[in-house]
């Protein structure tokens, strides 16, 4: 399974692609951070993010997209930018018919480090170890995007298959009526 992990943000949007499956070694395909200038109007920044996500999906052909689930923080402007970038990423993936997994920060931290309250350094160190990298991905947005992809492969992939089976069973029951 190939997963594109997206750590959404209006200023820095981390994107990382990981190949692998449960019980098998995972492999880094690519990682980067898309940046937009705070000097630009928000709509232009969102278009930049949209084009960046589209380009990554086109280039890497992921089987699924994992996006950090937005949660409330005290800084409303940060939450708004994160939510806007997240929405753009979801629309781009949905337009292509890609399954989308939303994972909370604590779920991602727990998946890669065993501790839902792990710090950025610990998450980065574990991503480096899991993907057998020589150096830690930087900035933290890059490591977070890879952690999202890893989490989706380890957890979300199985959940997506369960959800698909339940949906298929429901449709089968409805068609018999």
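In case you wondered, yes, glycine gets a Cβ from its N, Cα and C as well.
Taken from Swiss-Prot, the feature active site applies to 7, 68, 141, supported by sequence analysis. According to Swiss-Prot, the feature Mg(2+) 1 binding site maps to 7, 141. Residues or ranges marked as Mg(2+) 2 binding site by Swiss-Prot: 68.
The C-beta environment of residue 7 (active site), restricted to residues of the same chain at least 6 apart in sequence and closer than 8 Å, consists of 13, 14, 15, 68, 141, 142, 144, 145, 148. Residue 68 (active site) is surrounded by 26 other CB atoms, counting those within 10 A of its CB over all protein chains shown. Here the Cβ of residue 141 (active site) has 24 other Cβ atoms within 10 Å, regardless of which shown protein chain they belong to. DSSP assigns residue 7 (active site) to a strand segment in the three-state reduction. When secondary structure is read from DSSP and collapsed to three states, residue 141 (active site) falls in the helix class.
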